[in-house]
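Structure first, then comments.
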Amino acid sequence: MASDKVLSLNGLSKRFGSVVANNDVSLTLNKGEVLALLGENGAGKTTLMNMLFGHYLPDEGSVEVADESGALRALPLGHPQAAIAAGVGMVHQHFTLAENLNALDNIVMGSENLRALHRNRRAAAEKIQTIMTRSGLSAPLDVPVGRLSVGERQRVEILKALYRDVRILVLDEPTAVLTPQEADTLFENIGAMARDGLSVIFISHKLREVLAFSHRIAVLRHGANVGEIATADADERTIARMMVGADTERTERSAMEPGAPVLSLRDIRVPGRSERDTLEIPELDVCGNEIVGIAGVSGNGQAALAGVISGTVQPQSGTIEIGGKTLHDFSPTAMIGAGVGRIPEDRHHDGIVGSMSVAENMVIERLDDEEVQKNGLLRREAIVRNAERLTEAYDVRGPGVQAPARLLSGGNIQKLILARVFEQMPSLILANQPTRGLDMGAAAEVARRLLEARARGAGIILISEDLDEVLGLADRILVIHDGKLGTAPSRDRESIGLMMAGEMA
Amino acid sequence: MIRIEPRQDSGPLLRYGVPVLSAVVALALAAIPLASAGANVVTAYGEMFSGVFGSIFAFSEMLTRATPLIFTGLAAAVAFRARLWNIGAEGQLYLGAMAAIAVGTGLFDIPGIFLLPLIILCGAAAGAAGMALPTFLRTRFGADEVVTTLLLNFIILIFLQMMLEGPIKDPMGLGWPQSPPILDQGMLPTLIDRMRVHSGLVLAIVAAVIAQFMLVRSVWGFRLRAVGENASAARHAGIGVNRLLFSVAIVSGALAGLAGVSEVAGLKGYLTADLSPGFGYTGIVVAMLAGLSPAGVVLSALFIASVFVGADSMSRAMGVSSYLADLVVSMSLLCVLVGGFFARFRIVRTRVSAGGA
């Protein structure tokens, strides 16, 4: 690992209205170094990288990037083209690929003149082949990207950056959608490229991969750089403390005897667009006092499973029993009526109506309730009182119960949903990615509430891509792959990871 | 360098100030073509003002013009709040008018006292039916209601022309394509003697008050707002989206139908194919100018009616084209759209640090 600087961020600050996203952050990166940028959600990691890449214009500070000769030069701010020209490449958390084009077109798109591309396809393909051999990243070039797996798409994204001859590669949460094995392979490839001289910054909040694959760790908290540490000197505890500023308590889960089944699915089939995302469940039972964890890489049928239990997806065939009663109607209303509490995966899209008030969002699932309405008219005082009580009890912080729900932060939106769901004392709870995007404090609160519901007798289905979360909370772990459920043979991440990748251990 | 950032929350000043400011800016911009047409701008606007507020008669004419605009504005506002794009108020207006003629010209032998309520009911029902069909096509087959409602306008108008040449042509009409008049008991009474303003205006304002109340205070209004703002979350929360859209379609179409009833039974007395000079389309502008608030629709309908009536009077007095009214109305809409942008975003000036470290 050479020690010559290739990148220097000097005192970058960025404010969005009254929110300080980054405050005087300085950071350097050396040639051939893999730097992990760590921090809770909302700590300002992505904002910082977006300033480097020119998507955001910093309020203060400057960016310097080494040129070919190794001398640091100031980068014009706010110009992604300048960043690309200076050899900075960024792979975003959400893929930016055109699904109907093949990998080759996606890779060269934007960096080649379209007419020239037509003549030079072969040259481009050869260049990509060279990059693939050198980096160890491979993906089929002639298949529409829409048909590639998530891991392959990720590699196409990285190849797209490498194709532009980047010297500095920024990866924003590259493993969020990968299986543990895919993630390991990716990092091995990154390590190899770093030895070749590529400098890499990757954003993550998975402590394990940060410790395993980076050279140096920089931690952001509340928009400020609170410390850097050589990975060799770090362990999970020190980093976690740096991230949250204090020791975190692990949620304690006591053993419990499962009760009577609260949910029984039989022969459920939900056709998908392909065989791969067709959900088929011959049999699934969830009992009271039990948390059933469903691990798996996203896009393997979780959405269909969650949809069936939420009542938003009508299965083609099969039966569903809740609390011993067979349901004949699959609507959300029927599910709510049967005592199912639903925490949706995309809380902004399915969980709240952002422009309506916090108070209104608290009662949106029980508009026929006598507490909420009388003769078709809203009981507004009761609605506000209900919201005041629940925001207090569930510690929902924000500008007040009359304010639009979209003004709440992600964690507080999730608490709003928890309050709405848990107050109805559901006998079955569907928690779909309940802690995704939440900071540690809010995530711990979600875990505590789920365990509390379990203790009072509820059955819980926990769908999560975060294996650590499933391992920490679930009494029983199932793995979903290609729309089919399998029981994990043991609680070790190796075998579960293999099942997630489709290899039945 | 200038950047655009979303505002955290637009305060009441912005929300209520923007439409008013837009109207003022639109009038100011309209001064340019007015001046280039060779008119004295101050005199022209003076004429325009007195054409609306100069006499009781002028004012009552403005109210008469505002009446159908309140109905069609409400029709658009209620539907748009639920993201149901009813562009067909013009056609639904004519459906309402046709129904009013059908039952109001002596078709049924019923006591006179029931005739007016029957006309109103049938007009509303006909308008509602006119919006129910495209909504059915949307919820069942995914047909874009913007296209279907818009095209239905032309179909309905041509149907009306056919009817006026045939089945409902007035035998006493000297060959003109017009319907027989509505019976006297079926007419909406006028409000002031010897003026044209009629009780349709009262009906329109009552409708606006009810719509506003229902939107804010009723469970139906709650559901409507939820579906309009985030249909996906509404569905997830157990709100029947299609059912709600149907109820909205019925209400919206009925309101547009009432515009037709009010014009036929309140003003003209008989039906011709030029009953509405585009009230249905202007209703969309009225609704947008009002920020889709039913209460605001009353105010914005009054404003737009003032512009139309005032511009008519100005063009008579000054000899400039009355198309100026259309110009002011269109520019108000553009100004509201631009103003709405400024209400949601702020422009931030930033100093460019030109790469200096």
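Glycine is no exception: its Cβ is also placed from the backbone N, Cα and C atoms.
So that you can see what the record holds, here are the features copied from TrEMBL:
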- B:20-42: transmembrane segment (TRANSMEM)
- B:62-80: transmembrane segment (TRANSMEM)
- B:92-108: transmembrane segment (TRANSMEM)
- B:114-134: transmembrane segment (TRANSMEM)
- B:146-164: transmembrane segment (TRANSMEM)
- B:197-220: transmembrane segment (TRANSMEM)
- B:241-261: transmembrane segment (TRANSMEM)
- B:281-311: transmembrane segment (TRANSMEM)
- B:323-343: transmembrane segment (TRANSMEM)
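Below 8 angstroms of C-beta separation, residues 85-88, 90-92, 94-95, 98, 130-131, 133-134, 137-138, 177-179, 271-273, 280 of the same chain, each at least six residues beyond the ends of the transmembrane segment (B:146-164), sit close to that stretch. Contact count against the transmembrane segment (B:114-134) (Cβ pairs under 8 Å) is highest for B:241-261, out of B:197-220, B:241-261, B:323-343. Tertiary neighbourhood of the transmembrane segment (B:241-261): same-chain residues 67-68, 71-72, 74-76, 78-79, 82, 84, 86, 88-90, 92-100, 119-120, 123-132, 134-136, 138-139, 200, 203-204, 207, 211, 220, 223-224, 227, 231, 234-235, 275-276, 279-280, 283, selected by CB-CB distance under 8 Å and a gap of 6+ residues from either end.
By the count of Cβ pairs under 8 Å, the stretch nearest in packing to the transmembrane segment (B:62-80) among B:20-42, B:92-108, B:323-343 is B:92-108.
Cβ atoms under 8 Å from those of the transmembrane segment (B:281-311) belong to residues 15, 19, 22-23, 47-49, 51-52, 58, 61-63, 65-66, 69-78, 80-81, 87, 89-90, 204-205, 208-209, 211-212, 215, 256, 259, 322, 324-325, 328-330, 332-333, 336-337, 340 of the same chain, restricted to positions at least 6 beyond its ends.
When Cβ-Cβ distances below 8 Å are used as the criterion, the transmembrane segment (B:323-343) is approached by residues 7, 10, 14-15, 18-19, 21-23, 25-27, 29-30, 33-34, 282, 285, 288-289, 291, 303-304, 307-308, 310-312, 314-315 of the same chain, each at least six residues removed from its ends.
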